[in-house]
Amino acid sequence: MNAQPAPPRPAALIEPDDIPYLPRGVRLADDRVRGIRVLQAPERAMQLDAIGDAILSELDGRRSMAGIVHDLAARYNAPDDQIAGDVRDFLTGLIERRMVFVKDRS
Amino acid sequence: MKDQQHQPRDLDGNPVTPGLPMAMLAEVTHRCPLACPYCSNPVELTRAAQELTADDWGRVFRQAADLGVLQVHVSGGEPGARRDLAQIVAHARDAGLYVNLITSGIGITRDRLEELDRAGVDHVQLSLQGIRPDMADRISGHPGSWDKKMGFADWVRDIGFPLTINAVVHRQNLERLPDMIDLAERLGARRIEVATVQFHGWADLNRRALMPTRDQAAMARQVVNDARIRLRGRMVIDYVPADHHAVYPKACMGGWGSTGLNVAPDGTVLPCHAAQSITWMRFENVRDRDLDDIWLNSDSFNAFRGTAWMPEPCQGCDRKTVDFGGCRCQAMALAGDARATDPVCSRSPFHADVVARAEADAQADPADFIYRRMKKGD
């Protein structure tokens, strides 16, 4: 076995102007037994922390990722670029799993 | 303080701590128009007269949701063989569950699929036996299956359901894996599950026809790895490799009685769909006991919880909380002992024999299929 260098961060699958949304079959839900928030998706339920829940609750199919970042920054009193990377990486991970879609650029 | 009598214990009497189940497989019927020789149903199939009613299922779904289950996989047999399938689905949604429909696509008309949409199906998983009509129809034992499946996939797309393609692969179709992945992409699937046949029950009767060669297993791994890179962000590929060729066993069910449960057509509650192959084990039924009582207190669910029950080499192994000793049913089938280390594990004393037998089966002339069919008459 060779020691592998740490993998580079995977390329983002979403640009600031892209509009992310939860496609049919993916929805936010309360897990009333465990007292947590989950993302329900085909054959998978993913536990969400407060940050993940806050990001996904913003996905309305109208605002771009940049707009969502801006609104979150205002609400949490943080600079845009401090949270832009977190939002992009979080959404990229969900796009990879096909739990978040991006509207066609047209 | 818990009553001493109610302390859950494994099969050796060691105390165990049940967690909460996330997912439930609801096998609503064993009836199926297909006859796949690797069917995951038990060799002894349940007849229609013994099936739970839709209202029974409603009660089970409510109990499951109260217990922590978030998702139900409505499967069979072919779930569409039940005329009251939409009612069953509606009960599951009413209970707050996310509903995955696992179907062959045979026997569900477009009208019925629209009815299932209204009833609240969240996601459709369509099985694929092969690529092109000749292979798909031969493996499924159902002439015309391919054309019906392709038509069904069109309806799924028209209605807008998220689609997963479930491709079961084995010796006779593994060479076509790249085509299966391409087809799933053309059908607009969000996911494809590439699952190598697991050699229990019917599949074990068909070992010589289905056992992949070592080269095929290696090729499949490469195809999957390449496709994952190519399709990143477009389609997810979940892969269940051929475990007879693996170094370590799969973490079956993520650990016995840990996160999943299976309710059979007649209401028998199983820790996994093949658990009845452990012939000495007694299983409870939702007709007699509530689901939470079965989950928390039954001997069957507690038997292999935790790690204290494990014999060597599992007991001293640093992977015992990674793969949980592998599959209990496979241990039963290959070592004759459900407690044994899964014999596909390279640390099992049976491993060399298991590999030798798998290689011999994979190299032998492929036998004719023994198709999965219900016995006539009884």
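If you go along the chain as it appears here, the first residue is 1 and each next one adds 1.
Cβ coordinates come from backbone N, Cα and C, glycine included.
Predicted, not measured: the structure shown is a model, and the values here were computed from it.
Annotated features in TrEMBL:
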type	residues	note
DOMAIN	B:18-234	domain 'Radical SAM core'
BINDING	B:Cys32, B:Cys36, B:Cys39	[4Fe-4S] cluster binding site
List the other residues in this chain whose Cβ sits within 8 Å of the Cβ centroid of the [4Fe-4S] cluster site residues B:Cys32, B:Cys36, B:Cys39, in sequence order. B:Leu34, B:Ala35, B:Tyr38, B:Ser40, B:Asn41, B:Gly77, B:Ser104, B:Ser140, B:Trp202, B:Arg372
Which residues, sitting 6 or more apart from B:Cys32 ([4Fe-4S] cluster binding site) on the same chain, put a CB under 8 Å from its CB? B:Cys39, B:Asn41, B:Gly76, B:Gly77, B:Glu78, B:Ala81, B:Ser104, B:Arg372
Once the chains shown are all counted, how many other Cβ atoms turn up within 10 Å of the Cβ of B:Cys36 ([4Fe-4S] cluster binding site)? 24
PLDDT averaged over the residues of the domain 'Radical SAM core' (B:18-234): 95
Counting across all protein chains, other CB atoms within 10 angstroms of the CB of B:Cys39 ([4Fe-4S] cluster binding site) number 23
